[in-house]
Amino acid sequence: MRQERVILLNEQGQPCGTLEKYAAHTATTPLHSAFSCWIFNEQGQLLVTRRSLHKKAWPGVWTNSVCGHPQLGETTEAAINRRACFELGADIDSLSPVYTDFRYCATDPSGIVENEVCPVYAAHIVSELQLNPDEVMDSQWSNLEDVLSGIDATPWAFSPWMVMQVSDVKARELLRKFANGN
């Protein structure tokens, strides 16, 4: 895979440059474009993944199915498909926006900051998983309600972006509808 870059954003959310992905993620990470996707199987179960210990930020933390950064000239939908294939070895369809104006800033225990405008999507998996161990160390198909209860009871056990995404009532309800096939 070619070297990934992040699309830098100004405070109005407009692109204002690019920076190599690993150079961008520091203690002073600039605002940049990202995405987050919650992937469900045909039984309505959510794919929860555990980030590889090789990840620069939040290694070993449980999170939603796949996250990443669109590349210059790439749509968010194309970027989600690219990362689902790269991280999970999976094909997805039925991409549906869940929380299009999600923005967050969080600092991991090592001091690395995430500072992202990060639209959230849901999708269906249409192939088997083939996890990339450099990206994902474990995964589990879980009932969405069990995951939401776990997040509510132990938010520290999940990535901060996952916790913040479902703290939005509308996003939580849209994920429930998607899981139930509505």
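Even glycines carry a Cβ here, placed using N, Cα and C.
Per Swiss-Prot, the features are as follows:
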- His25, His32, His69, Glu114, Glu116: Mn(2+) binding site (BINDING)
- 30-164: domain 'Nudix hydrolase' (DOMAIN)
- Cys67, Glu87: Mg(2+) binding site (BINDING)
- Cys67: active site (ACT_SITE)
- Glu116: active site (ACT_SITE)
Notebook entry, point to check: Counting other CB atoms within 10 A of each CB, which of the binding-site residues Glu87, Glu114, Glu116 comes out lowest?
Noted result: Glu114
Next item on the list: Please work out the number of neighbouring Cβ atoms within 10 Å of the Cβ of His32 (Mn(2+) binding site), leaving out its own Cβ.
Entry: 25
Check: What's the CA-CA gap between His32 (Mn(2+) binding site) and Cys67 (Mg(2+) binding site) in angstrom, rounded?
Finding: 13
Checklist line | the domain 'Nudix hydrolase' (30-164) - residue tally per DSSP class, helix then strand then coil | finding: 31 helix, 53 strand, 51 coil
Next item on the list: Excluding His25, His32, His69, Glu114, Glu116, please set out which residues of the same chain place their CB within 8 Å of the center of the CB atoms of the Mn(2+) site, keeping sequence order.
Entry: Val6, Lys21, Ala24, Thr29, Ser33, Ala34, Asn115, Cys118
Item checked: Close in space, distant in sequence - Cys67 (Mg(2+) binding site), Cβ under 8 Å, 6 or more apart -> Ala34, Phe35, Ser36, Cys37, Arg83, Cys118, Trp161
Notebook entry, point to check: Far apart in sequence but close in space: which same-chain residues, 6 or more away, have a Cβ under 8 Å from His25 (Mn(2+) binding site)?
Noted result: Lys56, Ala57, Ile112, Val113, Glu114
Check: Could you tell me the C-alpha distance between Glu116 (Mn(2+) binding site) and Glu87 (Mg(2+) binding site) in angstrom, no decimals?
Finding: 20
Notebook entry, point to check: Just the number: how many Å between the Cα atoms of Glu87 (Mg(2+) binding site) and His69 (Mn(2+) binding site)?
Noted result: 13
